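**Student:** Please read through the structure below; I'll follow up with questions.
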């Protein structure tokens with residue numbers, strides 16, 4: 001693992017892995033969404049709106065997964081001081097935020113015909129909204145730390161502290177009364193019928209591959225910016 | 001009184017948002033990466 005913390009080795013790996021993850025993710029996601037959109041029957045209670053499941057659930061999991069990645073990378077950065085770990089955390093922030101926003105928007109769209117309301121201030125929806133705000137704060141903090149030349153330890157500590165919200169999101173439907181349904185999929189068990197579960201799992205894999213590809217693309221962009229900046233600074237110093 | 005809602009409208013809206021948002025994020029990240037790597041190459045050649 002430590003071997004890949006070398007930027008040169010990381011770039012050699014990411015150069016072929018980025019397009020592979022993006023293309024395979026796109027193919028799997030398109031297939032799963034087509035399957036869910038055209039082949040799955042309407043649900044007994046939710047009717048046709050059950051098809052929103054195939055976008056809402058993967059983006060919700062990846063919204064939380066994105067922050068988990070930030071927390072793990074931040075911990076690695078704080079303990080082992082690998083600069084690539086700080087870059088990995090920053091790379092996961094934007095896709096995590098976008099998937100969280102898609103989850104919130106599709107949840108709201110799903111809530112209107114099933115619950116009769118676009119929004120309710122319950123534990124699940126509110127903690128997910130807090131996650132979106134945490135992402136925005138993390139991105140702003142990481143950008144300003146880089147611009148002002150402040151240590152990357154400050155956003156890393158924020159990334160670790162923000163992870164407190166992840167178990168709250170996960171347990172919110174168990175701890176508090178909510179319009180949101182309790183967990184349908186737990187370790188090794190599912191309350192979802194196989195006819196819905198199969199395309200859902202393909203969609204989760206597809207969206208996860210896209211997430212991985214986007215994280216790698218953003219890490220490559222951040223690394224390239226740092227390397228270009230360093231080279232220009234070196235040239236300017238040599239010219240002086 | 002029951003509201004008469006066309007469920008498909010909500011499905012279309014969710015799919016448009018989900019698919020559009022994901023594709024836009026992929027395109028943005030890919031282009032940003034290509035631009036940054038081109039800038040690095042330019043800095044190397046200077």
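Cβ from N, Cα, C; glycine included.
On a predicted model such as this, the values are computed, not experimentally measured, just so you know.
What TrEMBL lists as domain 'Cytochrome c assembly protein' is A:6-180. Among the features that TrEMBL reports, transmembrane segment is placed at A:53-80, A:92-111, A:123-142, A:154-176, A:196-217.
What's the neighbourhood like for each of these?
**Tutor:** Beyond its flanks by at least six residues, the transmembrane segment (A:53-80) meets 2, 5, 32-33, 35-37, 86, 88-89, 92-93, 95-97, 99-100, 102-103, 106-107, 110, 128, 131-132, 134-135, 138, 152-153, 155-157, 159-160, 162-163, 165-166, 169-170, 196, 199-200, 203-204, 206-208, 211, 215 of its own chain at Cβ-Cβ distances under 8 Å.
Sequence-remote contacts of a segment are chain residues at least 6 beyond its ends whose Cβ falls under 8 Å from one of its Cβ atoms, and for the transmembrane segment (A:92-111) they are 49, 52, 55-56, 58-60, 62-63, 65-67, 69-70, 73, 117-120, 125, 128-129, 131-132, 135-136, 138-139, 142, 179, 207, 211, 214-215, 218.
For the transmembrane segment (A:123-142), the residues of the chain that approach it from at least six positions outside its boundaries are 60, 63-64, 66-67, 70, 89-90, 93-94, 96-97, 100-101, 103-104, 107, 152, 154-155, 158-159, 162, 165-166, 168-169, 172-173, 175-176, 178, 180, judged by C-beta separation under 8 angstroms.
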**Student:** When the pLDDT values for the domain 'Cytochrome c assembly protein' (A:6-180) are averaged, what is the result?
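**Tutor:** Summing pLDDT over the domain 'Cytochrome c assembly protein' (A:6-180) and dividing by its length gives 93.
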